[in-house]
Amino acid sequence: MTDPTFRAGFDAALETAINTALNYDPATRARLQKLDGKALELDLTAPQMTFCLGVEGERVCVHRHWEGEISTRLSGSAIALVRLLRDPAATPAGVGVSVSGSSALLAELQSIMRDLDIDWEAPIAQLAGDVPAHGIGEALRGVSGWLRDNLGRAPVAAAEAVSEEWRLTPPRAQFEAFVDDLRDLSLATERLEARVNLLKEKFARRGAE
Amino acid sequence: MKDRKTTHFGYQEVSVDEKAGRVADVFHSVAARYDVMNDLMSGGIHRLWKRFTIELSGARKGQTILDIAGGTGDLTARFSRIVGAEGQVVLADINESMLKVGRDRLLDRGIAGNVVPVQADAQYLPFPDNTFDCITIAFGLRNVTDKDLALRSMLRVLKPGGRLLVLEFSKPQSKLLEKVYDQYSFRLLPFMGKLVADDADSYRYLAESIRMHPDQETLKQMMGDAGFVDCEFHNMTGGIVALHKGIKP
């Protein structure tokens, strides 16, 4: 069993990171206040870890033990949970996350996470001043936009490269057509089997007469 | 000649009547620099030990909590936020200097309203029976003259089903860690005490009192003997510190 000191350190670091980030997004803090007292349990399968995120006023608290009521429980890999919370097209079943408890809290959290808009310029301005902070902020926004666009397209681009360029797998359309043919063949075989069985029964009855 | 009842004060044997006064002198001496020294001595890890204590307390809105030997109010500050305006946290300490530092620190952080500072001896808690949902005593029990009496006093003021959490230095679980820890406690700690608080003796006493404190299993047994049930402990940082939990039946 892990020493509770290490786990407490991890929880404290995560809690500090979340709340420091929230300090620079007043709109999200205000929305969180409406969820005061609610708790979300995350049961991660990869890496294996369970923790509970509780909302206390405008703060998010990370707990290892939570003896209060759990509003919603999510179970899945860390990547799947992040996708579920950040990707508007993601559904729990689609990304492999199981949900129990209130789905209203999940919907609200998804909405909050998608609208999250942390003003990174503010902490930089406190250290470097307004003008350099704006320049750095612009550069960071540019890099972040480029990363978001390219990382969003990356899975599609990778799939195209594997099938179209390197010919390691068949193209999607060809594969889907093959699957359809296979399904038709399977149905036709089942029908044929049923007919053969019927004929067998018929011949068996004639033989008996 | 009449036999005098004695107890330990660090590695010294002193009369029972004398111990409280000598412990008080130690804490009067270190009160002003207590927080700085705690951070320095533990490398800030004492905050993680306290965090785990709060998690296991299961404290919730509206509850009444007693923080014995609350010192400079670390646990009280957190409990105050958890129990909210409907709840109450009693910050108790036998030492006036520590209590003053704690009360001032809480006020400076804007924590007031649901916190009541009380100067109280853990052996004779001045509260009615069945008052508190939870009692914590962090790094305080080893300084109490009669620990069994204090545990019984805590049991009395807890509500049935309420829990006691004792966070205290304990016995390291590995021989190697114990050796390193001994060197640290008896060589480095008094040196740091001298450097930062100009008081090597008080910090030598802290190291000695830790060695004289009952180990994990003994303290668990003492809690059971006092009347607590479902007693358990969690070793932290290799057993340097242990958190004991007991429930009032």
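Using the three backbone atoms N, Cα and C, a Cβ is placed for every residue, glycine included.
What TrEMBL says about a protein is an automatic prediction, not a curated fact.
What TrEMBL annotates here:
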- B:Thr72, B:Asp93, B:Asp121, B:Ala122: S-adenosyl-L-methionine binding site (BINDING)
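In the three-state DSSP scheme, B:Thr72 (S-adenosyl-L-methionine binding site) is classed as coil. There are 22 other CB atoms within 10 A of the CB of B:Thr72 (S-adenosyl-L-methionine binding site), with all protein chains counted. DSSP classifies B:Ala122 (S-adenosyl-L-methionine binding site) as helix under the three-state reduction. Overall, the recorded S-adenosyl-L-methionine-binding residues B:Thr72, B:Asp93, B:Asp121, B:Ala122 cover a maximum inter-Cα distance of 16 Å. Taken residue by residue with DSSP, B:Asp93 (S-adenosyl-L-methionine binding site) is part of a strand.
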